[in-house]
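These features come from Swiss-Prot:
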type     : residues : note
DISULFID : C3-C21   : disulfide bond
DISULFID : C14-C38  : disulfide bond
DISULFID : C42-C53  : disulfide bond
DISULFID : C54-C59  : disulfide bond
Amino acid sequence: LKCHKLVPPVWKTCPEGKNLCYKMFMVSTSTVPVKRGCIDVCPKNSALVKYVCCSTDKCN
């Protein structure tokens, strides 16, 4: 699986076990992603951040 890093079109190949791409938003400004990459479990939302995840190449 290949996921974008913070700024597309830069991307990396995910390590084994982290088979979801994610983009993370601050809940207060949920339009601009603050972080992108590979993740193992999703969703991992909290009071401050929201994760949007997917399981296909470069979909974040």
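Using the three backbone atoms N, Cα and C, a Cβ is placed for every residue, glycine included.
The structure, with features from Swiss-Prot marked on it.
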{"residue": "C3", "record": "disulfide bond", "contacts (Cβ under 8 Å, 6+ apart)": "W11, K12, C14, C21, Y22, R36, G37, C38, D57, K58, N60"}
{"residue": "C42", "record": "disulfide bond", "contacts (Cβ under 8 Å, 6+ apart)": "L20, Y22, Y51, C53"}
{"residue": "C54", "record": "disulfide bond", "contacts (Cβ under 8 Å, 6+ apart)": "L20, C21, Y22, N60"}
{"residue": "C59", "record": "disulfide bond", "contacts (Cβ under 8 Å, 6+ apart)": "C21"}
Of all the disulfide-bonded residues given, C14, C21, C38, C53, which residue's CB has the most CB neighbours within 10 A? C21
